[in-house]
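Report on the following structure.
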Amino acid sequence: MAHEHAKPADLTRNQELVLGALNHAPAPLSAYDILDRLRGDGLRAPLQVYRALEKLVERGLAHRLESLNAFVACADSHCHRKGLIAFAICEICGKVDEFADAVIEERLGGWAQQTGFKVERTTMEIRGKCAACLAAA
Ligand SMILES: [Zn+2]
Ligand SMILES: [Zn+2]
């Protein structure tokens, strides 16, 4: 179970609702999944959800998984700094584990320095089967 960030005090109501939905979901949610869950709370327009997601991602409270076109709440406080974020995505249960790896980050930093490439952000998405699903198989 991902531990939740201390909730920043300056979130808008919509941002809070969206973050809450992500925090309680066992797997990543698309913007439309989020909209579906929050309809009862007065969110009706996809744009409201997109705007809230954009801010949450900007602040490192949520992440977008490109390969799934879906969002997860940040599971750790490490990502408030720039750096490498890795996600292990289980293809059976859909669970996502977020972690950071200093060694990969260091290697990447060395490569960037050598090639003169300026890295803005790095997101690794690792697809496979989680330990629980493997044990149940
Ligand atoms: Zn994170
Ligand atoms: Zn699994």
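For all residues, glycine too, the Cβ spot is worked out from N, Cα and C.
What TrEMBL records for CYS90, CYS93, CYS130, CYS133 is Zn(2+) binding site. TrEMBL lists GLU105 with the feature Fe cation binding site.
Structure with TrEMBL features highlighted.
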{"residue": "CYS90", "record": "Zn(2+) binding site", "Cβ contacts under 8 Å, 6 or more apart": "VAL96, GLY128, LYS129, CYS130, CYS133"}
{"residue": "CYS93", "record": "Zn(2+) binding site", "Cβ contacts under 8 Å, 6 or more apart": "PRO26, ALA27, CYS130, ALA132, CYS133"}
{"residue": "GLU105", "record": "Fe cation binding site", "Cβ contacts under 8 Å, 6 or more apart": "GLY83, LEU84, THR122"}
Which are the residues of the chain, CYS90, CYS93, CYS130, CYS133 excluded, whose CB is within 8 A of where the CB atoms of the Zn(2+) site average out, their centroid? GLU91, ILE92, GLY94, LYS95, LYS129, ALA131, ALA132, LEU134
Site of maximum Cβ density within 10 Å, from binding-site residues CYS130, CYS133: CYS130
Less than 6 Å between Cβ and the nearest atom of ligand 2 is the rule; apply it to the binding-site residues CYS90, CYS93, GLU105, CYS130, CYS133. CYS90, CYS93, CYS130, CYS133
Can you see whether DSSP assigns CYS130 (Zn(2+) binding site) to helix, strand or coil? coil
